[in-house]
Each structure stands twice: as C-alpha cells, then as structure tokens.
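Copied over from TrEMBL:
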COMPBIAS  55-70  compositional bias 'Basic and acidic residues'
REGION    55-76  region 'Disordered'
BINDING   His88, Cys90, Cys103, Cys106  Zn(2+) binding site
Amino acid sequence: MDKQAIFTQVSQIEERIGDLYTELGGLKEQIVQLIEENTRLVMENQNLREQLKKLSRTEEGKHVRKRSEEAGGEGYDNLTRLYNEGFHICNVHYGSLRSDGDCLFCLSFLNK
C-alpha cells in the first residue's frame, strides 16, 4: 500500500468516528430526556395513587357502612372484613394480599 492510500483510509476512519461520536451524543440526549420523562411520570403516578387511595378510603367508608346496613348478611360482612384486613375479595385475585392499596374490582364488588 502506498502512503496516499493509507492516509485516505485513516481520514475515512476518522470521519466515521466523528459521525459515530455525534450520533452517540444524540443518543445520550434522548436517554436523558427519557429518564427525565420517566421520573416525572413515576412521581405523577405516585401522586395519583395517593389521591386515589384517599378518595377510595372516604368512598369505601361511605359505601361499606351503607351496604352493610342494607345487606346485613353474614357472608357480606365476612368479605368486608377480609377486604379491610388487606385481602382481595374480587374474582380476579381472590384471597391474595393487596399490595398496591385499593382494588377497583374489589370495591365494585362491595358496592353491588
């Protein structure tokens, strides 16, 4: 190989490295934006869960008291007690522990 060909090849490699470096910088910026968006969404999700939990507690208290007064059945009381102890009473997750707060399926079952 002559010197000119080697120099041309090194120049081309250097140019490709520059392009890759620019592309890598763009990818880094995208990752930072995605991480920031993910953090924002996690915080928003946490706030919404807390608000839902507060609303569910007040609604649950109203509906459970009203429903237990109306129903008065022993089975319904047992299911209400299980739910208040932290267990699912819905057909989807019956008997498993509730880990994420209130379950909409269970609440809809209690409100029937």
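Glycine is no exception: its Cβ is also placed from the backbone N, Cα and C atoms.
Excluding His88, Cys90, Cys103, Cys106, which define the Zn(2+) site, the same chain contributes Tyr83, Ile89, Val92, His93, Tyr94, Arg98, Leu104, Phe105, Leu107, Phe109 within 8 Å (Cβ to the Cβ centroid), listed in sequence order. Packing around Cys106 (Zn(2+) binding site) is summarised by its Cβ count: 22 other Cβ atoms lie within 10 angstroms of its Cβ, all protein chains included. Counting every protein chain shown, the Cβ of Cys103 (Zn(2+) binding site) has 21 other Cβ atoms within 10 Å. Taken residue by residue with DSSP, Cys106 (Zn(2+) binding site) is part of a helix.
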